[in-house]
Amino acid sequence: MMQRSLVRATASAAPRVSAARTTVRHFRKTAPAKYTENKQVSGLAGIIEADNATFTTKVFHYSSLTLLGLTPVAFILSPSPVAVPVDFALGVLIPIHTHIGMNVVISDYVPQQVRTLARVGWLGVTGVLLLGFLRVNIEGDGITETIKTVWRESPNKKHD
C-alpha cells in the first residue's frame, strides 16, 4: 500500500493567495459598542443597567457564592444573637443579587423601547425589597426566623 504525501507536487498544487489580498475579520472588530456585553457603564447607569458592566457581573457571581454559603449558616445559627449579622448580610445580598439577575432578564425579554422604564421600575422594587428585609431584621425576628415560622407548627393548633 502506497502512502500519500501531505505535500503535493508543485504542478498540481493550487495557486497560493498572497497575504496582501487575504483579510481576516476578527470577532466584532468593527463595531464592539453595538452589543450589550461590550458596554461598560458606571454611576447611576451602572445601577439601572446592572447587567452590562463587568463589575456588576462579578458582584452577581460573588453574591451567589456568598448566598450559597450564608443560607445554611443562617438557618443553623438562627435562634442565637450570632445570626443577626448573617441576617443583615442576607438582607443586603438578596436584593442585590435579584436586582442584577432581573436586569439580565429585562435585557433579554423586554423590548428596547420600554427597557429603561422596566429597569427603573425594577430598581424601585429592589429598593422596597431592601427596605422590607431591613425592617424584618430590625423590628422583627430576622429573615431566617421569619422563614422558619412557615414550617413550625402553630401553637394554637388543637391536636385530635
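Each residue's number is its place along the chain shown, starting with 1.
Yeah, the Cβs are placed from backbone N, Cα and C, and that goes for glycine too.
Automatic prediction, not curation, is the source of TrEMBL annotations.
The heme b binding site annotation in TrEMBL covers His97. What TrEMBL lists as ubiquinone binding site is Tyr109.
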**OP:** Using C-alpha atoms only, work out the spacing between His97 (heme b binding site) and Tyr109 (ubiquinone binding site) and round it to an integer in Å.
**Re:** 19
Subject >> Where His97 (heme b binding site) sits in the secondary structure, as DSSP reduces it to three classes >> reply: helix
